[in-house]
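Data block below; observations after.
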Amino acid sequence: MKHPNTIDIKALQSSFQIIGLLGKPRHDVTLQMHKNLFQWLLEKGYQVLVERPIGEQLGLSENYLASVDEIGQQAQLAIVIGGDGNVLGRARTLAKYDIALIGINRGNLGFLTDIDPKNAYSQLQACLEDGDCFVEERFILEASVERNGKIIARGNAVNEAVVHPAKIAHMIDFHVYINDKFAFSQRSDGLIISTPTGSTAYSLSAGGPILTPQLNAIALVPMFPHTLSSRPLVIDGDSKISIRFAEYNTSQLEVGCDSQVALEFSPDDIVHIQKSPDKLRLLHLKNYNYYKVLSSKLGWLRNSV
């Protein structure tokens, strides 16, 4: 049975004419993979757009270079080479476009990168030419800062939005409202608001629950709360979360989106977090198994008896 969060790959596969190649290489060997994959895709007959900084390093001509937004506007598939951080950074931009995304893992855990670099070409060929893959839609979060009735800052998060003081080792006092109804007050180092995708990231480190990607749910996970009764809270994914702050808090507060974008605000402001209208579309290999990924990445594997 087809899951409602998946997309018909046959219809999408036929549209794969322009492919974007993205990712920030840490080492020369990764840059070599960009070069080899670029040539391989050209030989397969695809039109290829390369993220501008990478293309310039490779010495490609201008007609192959594009920004992340331009790739989102023109391409049907984005291939990101790197770790989850690379995928997160590109995904926040690409989510507003009608484009699928798949990652080649050059990082550590690689929860968002399906392709093994050792088998990259055979796996991509099976996906692009044989259709041995599927697209899964995942929701992302939108964080906004309200000041005097106006939104002054806005950002998207694939994994999580984190409310915290700008200085480390400082506690803050805040009140959380869900759908305009008071939920709880807390004194802690901050609050992690996580998507199912982000439940295996920062939220997991703070003792939050693992949410399977298909769940329409958001996890609220406290960071070092100053009470023994505080526990993570899982709420409906369509909820609107509003956070108000005590006036005596430090004047420098932030909402961090995927630990890559920071929205600064003051104690008089209100932070709103809710599901974004944009969606991330991840392209998975046909044999993708989320529970196998969990077991492998989190060390749950044991020898069978």
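Cβ from N, Cα, C; glycine included.
Copied over from Swiss-Prot:
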- Asp84: active site, proton acceptor (ACT_SITE)
- Asp84, Gly85, Asn159, Glu160, His170, Arg187, Asp189, Thr200, Ala201, Tyr202, Ser203, Leu204, Ser205, Gln260: NAD(+) binding site (BINDING)
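Feature map: annotations from Swiss-Prot on the structure.
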residue: Asn159; record: NAD(+) binding site; Cβ contacts under 8 Å, 6 or more apart: Leu88, Ser194, Thr195, Thr197, Gly198, Ala201, Tyr202, Ser203, Asp258
residue: His170; record: NAD(+) binding site; Cβ contacts under 8 Å, 6 or more apart: Asp189, Thr250
residue: Ser205; record: NAD(+) binding site; Cβ contacts under 8 Å, 6 or more apart: none
Under DSSP, is the residue listed as 'active site, proton acceptor' part of a helix or a strand, or is it coil? helix
For Asp84, Asp189, listed as recorded positions, tell me which one has the smallest number of other Cβ atoms within 10 Å. Asp189
Validating a neighbour-count step here. Other CB atoms within 10 A of the CB of Ser203 (NAD(+) binding site): how many? 26
